[in-house]
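Student: So Swiss-Prot says this about it:
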{"type": "DOMAIN", "residues": "1-51", "note": "domain 'ClpX-type ZB'"}
{"type": "BINDING", "residues": "10, 13, 32, 35", "note": "Zn(2+) binding site"}
{"type": "BINDING", "residues": "139, 140, 141, 142, 143, 144, 145, 146", "note": "ATP binding site"}
């Protein structure tokens with residue numbers, strides 16, 4: 001031991017090496033075991049305070065218990081026809097998927113009302129109503145996510161939308177599957193009882209398909225591993241949800257949520273699934289189609305093949321049998337044709353054309369789309385093969401110069417979008433105010 005060792009002391013409390021049990025050395029600093037223990041206590045207190053702020057508090061003064069959620073009256077439950085009618089006002093086509101969703105939501109309400117009825121025993125006759133989770137399959141831009149978002153607006157139960165692409169198996173970089181429940185909890189204002197009667201829509205579920213049909217010796221942490229992690233949640237379990245999101249750790253208090261009564265709706269494009277069905281059914285495309293009809297003929301054939309979808313096709317695609325078994329209801333959405341894109345532009349309550357008319361009305365300008373221009377926009381969107389999502393991009397390109405110029409022009413009261421403008425051959429036609437027109441010269 002050197003002559004300097006006896007003078008070593010803790011850089012925080014100042015105690016010498018002889019006064020403490022252990023002195024830990026760092027680059028030019030020292031900390032004793034007592035200070036380390038004190039730091040741990042401070043961190044634990046801070047974690048508890050943060051958890052209390054997120055609704056986990058144990059102090060009745062700071063966090064009074066929330067009132068139980070209002071019971072669902074069976075007579076007030078929206079009927080399937082009413083739910084579908086509301087969806088029809090906002091989403092074009094996809095009648096079969098709308099019926100599936102309407103019935104599923106209605107039955108979900110009925111299960112909740114039966115369990116919340118104090119005078120009724122849900123299993124008095126030995127019959128217990130189980131939930132039926134749903135899988136929506138359809139190409140990109142056909143309305144899967146929009147259907148879910150529209151449903152959320154009319155429901156009296158919490159509705160959350162989650163993305164499966166960010167999920168990974170526990171212990172790896174990414175989000176735990178419990179973060180899906182955290183989104184529902186946040187929508188329910190951190191009311192656990194309210195969240196436990198909610199609905200969750202998991203988008204891009206096809207992205208967690210395992211990379212190979214055969215089991216691999218390497219871990220598939222964002223595919224099969226996520227499916228395995230979701231199994232109990234879909235079926236019904238008591239999950240531990242970290243109130244601040246992220247990964248769970250031993251020093252963090254978790255909120256327990258029972259998922260037995262949470263309805264799960266999953267959606268995905270499942271690109272290439274038609275090829276899997278085709279190999280099983282044995283249907284091959286034969287014959288000829290007229291020039292220009294190749295795309296529509298292929299989409300029609302894909303839609304027909306999806307009508308023959310069976311669970312074994314999804315297993316071949318990469319979904320594990322246990323996962324498919326927990327989603328008994330499967331609905332296919334059709335690709336959007338040109339006619340449907342025209343209707344999407346004009347008919348829904350929140351149609352794109354109506355949105356831009358409202359925008360220009362705020363500048364005291366009346367916006368008009370010629371019918372042939374709307375048809376040209378739909379044709380261009382159909383060529384881009386991204387469904388209804390392409391419509392906003394096309395209209396935004398068309399309106400950029402108009403929306404840039406009009407706020408500075410007080411002499412314009414009408415703007416007309418023509419098919420030539422859609423085809424990039426001309427600019428929008430602007431109609432001037434009568435007071436702004438040049439006066440005719442006197443003879």
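Cβ atoms here come from the backbone N, Cα and C positions, even for glycine.
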Student: Quick check: which same-chain residues outside 10, 13, 32, 35 lie with their CB within 8 A of the centre of the Zn(2+) site CB atoms?
Tutor: 11, 12, 14, 15, 20, 23, 30, 31, 33, 34, 36
Student: Can you check what DSSP calls residue 10 (Zn(2+) binding site), collapsed to helix, strand or coil?
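Tutor: DSSP call for residue 10 (Zn(2+) binding site): coil, neither helix nor strand.
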Student: Neighbourhood of the ATP site (139, 140, 141, 142, 143, 144, 145, 146): other residues with Cβ within 8 Å of the Cβ centroid, in order?
Tutor: 138, 269, 333, 387, 388, 389
Student: If you measure residue 144 (ATP binding site) to residue 10 (Zn(2+) binding site) at Cα, how many Å is it?
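Tutor: Per the Cα atoms, residue 144 (ATP binding site) and residue 10 (Zn(2+) binding site) stand 62 Å apart.
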Student: Specify the count of other C-beta atoms within 10 Å of the C-beta of residue 139 (ATP binding site).
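Tutor: Its Cβ has 21 other Cβ atoms within 10 Å.
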Student: Between residue 141 (ATP binding site) and residue 35 (Zn(2+) binding site), how far is it from one CA atom to the other, in Å?
Tutor: 58
Student: Rounded to a whole angstrom, what is the C-alpha distance between residue 139 (ATP binding site) and residue 35 (Zn(2+) binding site)?
Tutor: 60
Student: Looking at Cβ-Cβ distances, which residues of the chain lie under 8 angstroms from residue 32 (Zn(2+) binding site) while being 6 or more apart from it?
Tutor: 10, 12, 13, 15, 20, 21, 22, 23, 24
Student: What number of additional C-beta atoms lies within 10 angstroms of the C-beta atom of residue 10 (Zn(2+) binding site)?
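Tutor: For residue 10 (Zn(2+) binding site), the count of other Cβ atoms within 10 Å is 21.
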Student: If you measure residue 145 (ATP binding site) to residue 35 (Zn(2+) binding site) at Cα, how many Å is it?
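Tutor: The separation of the Cα atoms works out to 53 Å.
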Student: For the binding-site residues 13, 35, 142, 146, which one has the sparsest Cβ surroundings, going by other Cβ atoms within 10 Å?
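Tutor: Minimum Cβ neighbour count within 10 Å, taken over the binding-site residues 13, 35, 142, 146, occurs at 13.
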Student: For the domain 'ClpX-type ZB' (1-51), give the DSSP counts of helix residues, strand residues and coil residues.
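Tutor: Counting residues per DSSP class in the domain 'ClpX-type ZB' (1-51), I get 25 helix, 8 strand, 18 coil.
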